[in-house]
């Protein structure tokens, strides 16, 4: 973080609700210092009433913002424009000068390419139907996933996501649980790492976890136990932050350097 805030200091921040746990200010303030950027990153923890009252003001004074639960979809109507990916996904998690982007989507594509590469022939099960689920479902579909199954507590949100995916030419449906026997990729985009049954994990080629505190959730522990490839929530958090900084500054600190810093500060375990 900057030792001194001055007239030229740029404002960045995270908008969400009940986000006391977030690591985003540590990640971005570390990056700003490392890159020599005169900027500060703050957290704006807003209930719905406060969000509606101050979002336009924040968009005017902030150089860039990140957006998390529950505002990834709601924020779009306040923006001047959105890029191709976030428009299709209908969710934004990064803003630069009132333009919206989705770096969750970019992070999933980046990380899955490293772990597996082409997804042709894989069946993908996405637990959850919110903004993160949308980003993951679109990323996996674009990497070639043959089908996307949405598993969610309520059918209303699941139906909306399935319709959105099918409208974009992908093969999506609602399932109560995973019932395939091979070539499965499982994504947990919910706050509950226990939502994915162990027998589903056993059949998977890759599991993807959005929860990052702790890094080794029950889902990740089971993936390790059965020798399954995995992408943990910290990898996603850091990579989407790096992609956001590329949008803001056309440069960033490496994923590895940020993760090393977070562990050194004992901010993750």
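Cβ atoms here come from the backbone N, Cα and C positions, even for glycine.
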According to Swiss-Prot, which candidate in 127, 170, 212, 226 joins 22, 23, 24, 68, 93, 104 at the shikimate site: 212
NADP(+) binding, same site as 128, 129, 130, 131, 132, 152, 153, 154, 155, 156, 157, 210 - Swiss-Prot member from 169, 227, 233: 233
Rounded Cα separation (Å) that holds between residue 68 (shikimate binding site) and residue 132 (NADP(+) binding site): 9
Neighbouring C-beta atoms (10 Å sphere around the C-beta of residue 153 (NADP(+) binding site)): 13
Residue among binding-site residues 130, 132, 155, 157 with Cα closest to the Cα of residue 104 (shikimate binding site): 132
Residue 24 (shikimate binding site) versus binding-site residues 130, 153, 155 - nearest by Cα: 130
Spatial neighbours of residue 23 (shikimate binding site) that are distant in sequence (at least 6 apart) but have CB under 8 A: 212, 213, 237, 262, 267, 268
